[in-house]
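According to TrEMBL, the feature domain 'G-protein coupled receptors family 1 profile' maps to 26-290. What TrEMBL lists as transmembrane segment is 12-37, 58-81, 101-124, 145-165, 185-208, 229-256, 268-292.
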């Protein structure tokens with residue numbers, strides 16, 4: 001059993017540091033690309049004010065900023081706790097316990113919500129029904145939605161700072177049983193797992209079906225670009241779903257056997273380390289999913305790496321919506 005504990009610590013250190021480096025680089029590049037696209041999209045809108053377009057770039061930019069914060073603070077401290085077995089003391093309890101969990105849950109929920117909103121926006125824009133397409137928000141409304149999401153999650157996570165304490169074993173715990181069950185069911189199982197899984201599965205599938213129905217359209221270039229963006233969000237959704245399932249199972253297990261945490265076996269601890277790493281797969285791998293699935297994303301990154309002149313036009317291959325096709329046929 002002792003060897004399993006050593007293996008779990010080394011796994012967190014080695015895999016965790018690799019994920020931290022790649023996640024840090026990836027999200028910085030994400031922020032550059034999506035901020036560039038958002039800025040160019042604002043300029044392009046002046047030339048086509050009659051066309052309602054997707055605001056996925058704004059949602060993905062917000063998600064990338066949230067992911068960067070998660071990697072720099074909560075993920076790095078998780079590596080220190082589980083990898084190097086650092087003990088939390090009363091002197092640093094606020095920074096490493098209360099504030100850490102507040103930042104983790106606030107920005108992780110912001111990131112997940114923005115991914116869900118981007119997927120939902122794609123579903124509305126790609127719909128063949130005019131009523132659904134008109135439900136898609138314009139740029140100003142999208143900013144208001146993002147601000148609302150930030151405020152809502154920030155307020156909802158405030159109780160975490162009050163209920164988390166340092167135990168006699170120098171670990172972050174929730175002493176209140178009532179809030180513990182609320183925390184496990186609401187934060188961990190529902191908001192971080194079940195709801196995103198169901199939402200992304202349903203609307204990702206519906207968007208894919210709607211795009212397949214438009215395969216016979218004459219504007220093949222626009223359709224191809226829409227499929228690429230949908231594929232990017234679909235792959236991101238699959239990554240979120242797969243990484244959330246083990247995390248959800250772990251916390252359901254803790255609810256079913258609440259007294260087992262004090263007598264945690266080496267195998268349970270190893271599973272905890274694996275699910276913790278999988279939990280951070282989403283903020284770490286988003287850049288690489290975007291890079292693989294979207295040609296225009298790759299071109300934008302290459303221009304940054306090789307110090308070429310930036311793109312001064314808004315490339316339709318990135319975020320031009322299928323709405324244009326419907327407007328032409330109506």
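Cβ atoms here come from the backbone N, Cα and C positions, even for glycine.
Sequence-distant contacts of the transmembrane segment (229-256) (same chain, at least 6 residues past either end, Cβ-Cβ under 8 Å): 54, 56, 112, 115, 118-119, 122, 126, 181, 184-185, 188-189, 192-194, 196-197, 200-201, 204, 207-208, 211, 271-272, 274-275, 278-279, 281-282, 285-286, 289-290, 292-294, 297, 318-319.
Computed over the domain 'G-protein coupled receptors family 1 profile' (26-290), the whole-number mean pLDDT of the model equals 79.
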